[in-house]
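S.K.: Sharing a structure below in structure tokens format, with a few things to ask.
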Amino acid sequence: MKNLIITMVTSIAITAMGIAQENKGLEIAKAAVQADLGFNSSMVNLKMLLTNSNGQISERALTIKTLELHEDGDKSLIVFESPRDVKGTSTLTYTHKIGSDDQWLYLPSIKRVKRISSNNKSGPFVGSEFAYEDLSSQEIEKYNYKFLEEKENLLIVEQDPVDPKSGYTRRIVTYNKDKGYRIEKIEFFDRKNMLLKTLNYTFYKLYKDKFWRANTLKMVNHQSKKETLLDFFDYNFDANLNEEDFTQNALKRN
Amino acid sequence: MNAIKKIKNSTNKFASNWAKIVIKNKWPVLMFSFLLVIGLGSQGELEFDGDYHVFFSESNPELEAFDALQEKYTKDDNVIMVLSPSNKDVFTKLNLTAIEDLTAQSWNTPYSSRVDAITNFQHTSAHGDDLYVDDLSYNSLNKSEAEINKIKEIALKEPMLVNRIVNEEGSVTAINITVRLPGEDSAKEVPEVTKYVRDMVSNFKSKYPHFDVHISGMVPLNTAFFEASMKDMGLTGIMILIVIITTFLLTRSIQSTLTTLVVVMFSIISTLGFVGLTGIKLTPPSSVFPTMVLTLAVADSIHIIITMLQKMRKDGLNKNEALIESMRLNFMPVFITSLTTVIGFLTMNFGDVPPFWDLGNITAFGMAMAFLFSTTTLPALMAILPIKVKSKIKENEPVYYFNWYSELARFVIKQPIKLSIISFLAIGFLTYLASKNTFNDEFINYFDESVEFRTDTDYISENLTGVYNVEYSIGSGESGGINNPNYLNKLNEFENWLKQQPEVVHVNAFSEVARRINKSMNGDDERFYKIPSTREEAAQYLLLYELSLPFGLDLNNQINVDKSETRVTVTVKNLDSPQMIEFSKRGEQWLRDNTPTEMHAIGVSPMLMFSKLGFRQADSMLKGNIIALILISLVLMIALRNFKLGMLSIIPNVAPVLIGFGIWALYKAQINTGMVIVFGMTLGIIVDDTVHFMSKFLRAKREYGYNANQAVEYAFETVGQALITTTVVLLAGFAVLSTSSFALNSYMARITVVIIISALIIDFILLPSLLILTNKEKKKVKKKYTSFFFFR
């Protein structure tokens, strides 16, 4: 009888702790979103450097526009500047808090907008080590959370993707609570729960006294030994973009 | 003549002193050798390496080219599981569901990076301006009959699938798991994958018993190598049994058998220590070392013991006298044969195939230890153990042998010219035949049909697809150039040309992807199943397509990061090595004749690496073989103290190998890498026969002043028995090895059996004939040679 009580108490305690861990993880993720709230829109140039295990390098240049939305996920528009043969190609994405995102691609060579069935968003983005899901807007609803540990100013949270088509079983995200809950590092675990990639955020800069943006993102694939470096420059938070800039027509104009 | 006597006396003295010291200190000697064995043995560690890469040295150009290709794209190995449903139709709800199920589990294979199946094939389709890229079959259980039929129709028309993932009839399908082994410890990684796959398949079979599953691929190949090593190591047990039986039959003494067993076991345990200390990882070729060491070591012991027993039985010497006398008589021959064997095995280091370096070095060490133990532990033990012989009864027996050998001697003496001519004709004819052998290193055929990997792989090549491939990395010469229509059209021509080649089963080329996307971008119109017309179109379609692919099914294994090169994978039928090399060259030639310089490429693949391995090994071993021949002939000249006989010995030493390969041409006519080493190896072994025969011949002439005929008869009578004995022991050992399921070992052993038998025949027929003939002329030419005999 005594044993039973102890067992019950412990299991309740463990369950309660589990729930607490989940809540705390969710709270941190929410705090991070909260801290970044109110940027309205941004524009940034991006240089992508792809390196294979052989040391061969390839470069791509893009421009990214983002529009902040509150009821649903953010909208974003990516324009390719180089390589030359894809210049002007652009993608428009409406992220949704629940369900699949909507995605269109404009192809200047045929001057047509094509809608992409985006059930697949776990594949590599233009041959890089970033999956589309790594780059898209990080909506709270897309993960289940579990707080892991706190190391000084760093909070470590496990995030399990809700989407069954995700390429990951989980991600381990390191937040910096002293710097507006900005993300310092993400570790990605593949479907068999092996460490697949590590993403490091460096050269952070504070914009408008509120928004932390990393100028360099380095993704290392531990299994293929390939790397992708993202260099962001010329962040612009004053472009005042609006819904009009994120339509299929706007896609064609770029 | 005095000088010889002096040296002879000094070696005899050395040998008998050695024996006396050993016998006097029998207990310390035994203790010391025991401690040495324990010391070495405690370092013993057996590690196996099954990775097929072990067969290639780091500087191997084919390996370098293949590694370069893998680094450009993805470095991976695979497991292919071939599923055959009993209803002979893959396209039913239940079967597709089963495939989906197994595919999902396959993603959890350790180190897996990609899983290709019929169900997760990324099918592209257009609906107005919407582009759909999705699994060909998802949630198959809920599909209607019509949908299933549609899937079947698409699949059986899809060039990416037919003859690769599904056969033309749709009755057999495959799931291909791509794994990316970290390569840090293949002894751990490969079994990890294998265990997972085996468990997964056995669960699958119990859940869906109407499926037959066959497994092949590069990981199972590694596993098969791994298991072949273990299995061949297991032959050691049989060999030990044979050693016991042979020794007992030849000596008819339990004590002698026990002593021999101790000597060979000591030799093997020390050799294990050597393997541990040097950190050598065992591979199928090197894993036969215990049997080799056993075989060669037992010959040493038997010589010493038989002489000792003969001295006791025939001459009535007491045990220690007989032992000393046996040591006196055998020390030099055993030393020389050990030395030549060590030289023979060490020459394997000249080759280009690392596992044979290991085999050579390990066995050479084992031989050195066998010599040490045969001359220390053996006399010590024999001195300790009580041995009694019934000298009277055995006395008549040897006479029987004497008659038999004398008979043979007289037969040779009667007709030396005739026998020489017949022998040379036979050798000449077989040498001609030997040149008809071709190299073949089809690694699937390394395994005989008792190995599941072999039968499964055969099933796959008969029912679904080829297991061998050739890959070309075709460059465009500029960054992003793979989207240039000129490049794509040339690539497309190459693809078409390849498909017309009779050997080709399947071609995977990027031009096919370009055509397929173009079609989908144009509303699935068949007329657009061609290369896009502009570079921009091609590039932008590709961008769109790549954005639509899911995790693990991207094009990174086919396109390099710079988009300047693509990989063409050609699956071919089962070809032997020359055909394989020819096919790959034909492709290279086509590229040179029909495409701009930047598109020229060389064919690479594991199969091509193996195909060229035999040639490479033969080229590199040639030097080693010549050095072995020179060194061993030199050892003979010094040992026999006779230049002419040393030169003459080359004939009986080389001829058996030529005969061996000649007979092989009648038997298989295809030789593999494992057989390239037999020249150096058997040279070191068969030279024993020649040494024994020639040394007795010389002794008869020098010490007893016999003429050539009498000397030959003397040689026959004194060493005939010993030669037969050694040959029997060696044959037993190599016969055991020839039962190996692994062809690099079994073929090597089989040809060695032939070579050892030929060596004995030559030493009984041709060698004495030549000795008689050359020594008859000797009177005339003697002066000419005198200056060479610096030790006379």
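Residue numbering: from 1, along the chain as shown.
Glycine is treated like the rest: Cβ placed from N, Cα and C.
No curator has checked TrEMBL annotations; they are predicted automatically.
What you see is a predicted model, and the numbers here were worked out from it, not measured in a lab.
Straight from TrEMBL, here's the annotation block:
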type	residues	note
TRANSMEM	B:233-251	transmembrane segment
TRANSMEM	B:258-282	transmembrane segment
DOMAIN	B:258-384	domain 'SSD'
TRANSMEM	B:288-309	transmembrane segment
TRANSMEM	B:329-350	transmembrane segment
TRANSMEM	B:362-385	transmembrane segment
TRANSMEM	B:417-435	transmembrane segment
TRANSMEM	B:621-640	transmembrane segment
TRANSMEM	B:647-667	transmembrane segment
TRANSMEM	B:673-693	transmembrane segment
TRANSMEM	B:714-737	transmembrane segment
TRANSMEM	B:749-773	transmembrane segment
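On this model, are these features tucked inside or out on the surface, and what's nearby?
M.R.: Proximity of distant same-chain residues to the transmembrane segment (B:233-251), defined by a Cβ-Cβ separation under 8 Å and at least 6 residues beyond the stretch ends, is recorded for 46, 257, 260-261, 264-265, 268, 282, 287-288, 290-291, 294-295, 298, 301-302, 305-306, 309, 725, 728-729, 732-733, 736-737, 739-740.
Distant neighbours of the transmembrane segment (B:258-282): 33, 36-37, 39-49, 54, 187, 229, 233, 236, 240, 243-244, 247, 251, 289-290, 293-294, 297-298, 300-302, 305, 358, 361-363, 365-366, 369-370, 373-374, 377-378, 381-382, 385; these residues of the same chain sit at least 6 beyond its ends, with a Cβ under 8 Å from one of its Cβ atoms.
Sequence-distant contacts of the transmembrane segment (B:288-309) (same chain, at least 6 residues past either end, Cβ-Cβ under 8 Å): 232-233, 235-236, 239-240, 243, 246-247, 250-251, 253, 256, 259-260, 263-264, 267-268, 271, 275, 322-323, 325-327, 329-330, 333-334, 337-338, 341, 359, 362-363, 366-367, 369-371, 373-374, 378-379, 382, 389, 685, 688, 721-722, 725-726, 729-730, 732-734, 736-737, 740, 745, 749.
Distant neighbours of the transmembrane segment (B:621-640): 332, 336, 339-340, 343-344, 347-351, 646-647, 649-650, 653-654, 676-677, 679-680, 683-684, 687, 690-691, 694-695, 698; these residues of the same chain sit at least 6 beyond its ends, with a Cβ under 8 Å from one of its Cβ atoms.
Same-chain residues lying 6 or more positions outside the transmembrane segment (B:647-667) and placing a CB less than 8 Å from one of its CB atoms are 426-427, 429-434, 436-437, 629, 632-633, 636-637, 640, 675, 678-679, 682-683, 686-687, 689-691, 694, 751-752, 754-756, 758-759, 762-763, 766-767, 770-771, 774.
With a threshold of 8 Å between CB atoms, the same-chain residues lying at least 6 positions outside the transmembrane segment (B:673-693) that come near it are 55, 285, 296, 299, 333, 336-337, 340-345, 347-348, 351, 353, 356, 359-360, 439, 441, 610, 613-614, 617-618, 621, 624-625, 628-629, 632, 636, 639-640, 649, 652-654, 656-657, 660, 664, 715, 719, 722-723, 726-727, 730, 743-745, 747-748, 751-752, 755-756, 759-760, 763, 767-768.
Long-range contacts of the transmembrane segment (B:714-737) within the same chain: residues 232, 235, 238-239, 242, 246, 250, 288, 291-292, 294-296, 298-299, 302-303, 306, 398, 401-402, 404-406, 408-409, 685, 688-689, 692-694, 696-697, 699-700, 704, 706, 745-746, 748-750, 752-753, 756-757, 759-760, 763-764, 768, each at least 6 residues beyond the stretch ends and with a Cβ under 8 Å from a Cβ of the stretch.
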S.K.: Going by DSSP assignments with H, G and I as helix and E and B as strand, what are the residue counts for the domain 'SSD' (B:258-384)?
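M.R.: Summed over the domain 'SSD' (B:258-384), the classes give 111 helix, 2 strand, 14 coil.
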